[in-house]
Amino acid sequence: MATREHELRPEQERLGEDREEYEDGEEEEEEGEEGWDDWESDGDDAGGGGGGGGLLCLFCSARFDSESSLFSHCASEHRFDFYRVVKETGMDFYGCIKLINFVRSKVAENKCWSCGQVFSSNSELCGHLHALEIPQLEGKVPWGDDVYLKPFLEDDSLLHSLSVFDDDDEDDCGMPMEKGGCSAGNGSLAETCESNLKSIINDGSDVIDRFERTCTIESTDGECSGSLAQEPSDKQLKIARASAAARGIKSVDESYFGSYSSFGIHREMLGDKVRTEAYRDALLGNPSLMNGATVLDVGCGTGILSLFAAKAGASRVIAVDGSAKMVSVATEVAKSNGFLYDENMEMQQKRDTQVITVVHTKAEELNHKIQVPSNKFDVLVSEWMGYCLLYESMLSSVLYARDHFLKPGGAILPDTATIFGAGFGKGGTSLPFWENVYGFDMSCIGKEVTGNSARFPVVDILASEDIVTETAVLNSFDLATMKENEMDFTSSFELRLSESGVSQSGVTWCYGIILWFDTGFTNRFCKEKPVNLSTSPFSTPTHWSQTIFTFEEPIAMAKEESAVVSSASVGTDECPAVMIRSRISIVRASEHRSIDISIETTGISSDGRKRSWPVQIFNL
């Protein structure tokens, strides 16, 4: 799947006395059946003990109008005394944020937040819940990781409503307020910070700079600055930055999913026969895997993979996509072809093929939208690959779905992926075109274009005859077992001139490195019909093309028997390199869904001399 759209350490704050007991929340939601036929969407109208309020309980679907009533309900119904935990652990504001997100994440996994025991359903979990033994923590809380600063639920109203740290103690200001103007100024400052914080949390506006200007400005009499302004600045800025980061991710995701809302990219992907037929053959050609299987399709798009799965005999298919437009389209497509599951239809009226349900959500939030039964899925299928394999970072969503929704021993399709690299010659650049444009020499333009290519990766299809070196394997991924951090890697490899790359003069110029990937539906899961999907320049072209990284200057190469001039620089006509030793690092970029690539290059001559070129950094 690819598109062409090219000090969180706050100071400790002291807590006052424990809060008073509040009104008990009402009864939790009734537990429903957990069979495959009873999946329901967890819409915004979820009922529960608190009626129609906006604050969702940490453990059940009850909603409340206030933080106090919610935590009173948690204490009485779920034995989770939030205020006691906060007081006894000495948590600051950020600790509270982390605790809430930690508990929500564990409950989503049907895991006890206190002892870690795992259950098959939310009802079993709620029946087990017990108070946390604070002394057993030995000073280290399990929610201490900064990862829990990121809201587990999108737009979690509870995080916006926390008042446990409302602070009326003048001592916390850091200096006495002797001037009347200071007192008034500080009140205005707090209001400004609160307003700006809400702006960041609610609409993702970039007002952090405004925070910093407001929180450090002196009062009109010039005598109220420094620590007085700094105290609210610290707390507000830190939560603002955390929230802004989360909003930045959300913004990129919205743009990403929005790019898949147009039909052009889907026409291109469906028309990619190599891609689509590989998935079709893997799903339809392995009946022992697919017949009667429950299937999760992550990033379903038009739903083509779900249709293949249903046609292959799957008993239930859940198709997930982050684009509301494509969810609507996939639903209509499934309905038009007689595969859409209708939960309102009587069982005797349903056909065996009516098995597909399409859900609008990210994979990471699936269990907030539907109730995933304890037996989970037999098969996870996804077309997640981007340019250079890892662009778009969709693999992390697939791995999350594998770890949370695929049953032990279940199949992930595809189950392997490999990145390859090779050196390419002049034909892989635009130089030949510019050297003869209707009989005119425009090579000056070609040189400028090639120079620009040395700063930006190019996604294009190269002809196999333009590959001048042997192929090297950069990295292989076992998608059934790999960890998310393995998406970031460094690979060292060597490139030697191939037989077909040798020119008549004996010297061949290598202009850069090209990367491509294969994915495998291996006989580990596809026993009847293993399939390999290749984006190699030696195979039929695909919509992924290849990813081209051009050197700042080309490197002359020759076979080992070539004579060299000892005084000449390695990689030149007089001293061609017999081998290029390269190290490539590919890591997820700070910009969500992008990747950074660094390339280190060293040429080695036949007499053993070496020459290294400056590191090149690319962003894709």
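Every residue number used here counts from 1 along the chain in the order it is shown.
Glycine too: its Cβ is placed from the backbone N, Cα and C atoms.
According to Swiss-Prot, the feature zinc finger maps to residues 55-78, out of the candidate ranges 55-78, 391-414, 439-462, 511-534. Residue counts for the zinc finger (55-78) under DSSP, helix first, then strand, then coil, are 12 helix, 4 strand, 8 coil. Spanning the residues Arg275, Gly299, Asp321, Ser323, Glu364 that the record associates with binding S-adenosyl-L-homocysteine, the maximal Cα-Cα distance equals 25 Å. Rounded to a whole value, the Cα-Cα separation of Gly299 (S-adenosyl-L-homocysteine binding site) and Glu383 (active site) is 7 Å.
Recorded residues Glu364 (S-adenosyl-L-homocysteine binding site) and Glu392 (active site) have their alpha carbons 15 Å apart, per Cα-Cα distance. It is 15 Å from the Cα atom of Ser323 (S-adenosyl-L-homocysteine binding site) to that of Glu392 (active site). Rounded to the nearest whole angstrom, the C-alpha distance between Asp321 (S-adenosyl-L-homocysteine binding site) and Glu383 (active site) is 12. Cβ neighbour count for Ser323 (S-adenosyl-L-homocysteine binding site): 21 (other Cβ atoms within 10 Å of its Cβ, all protein chains included).
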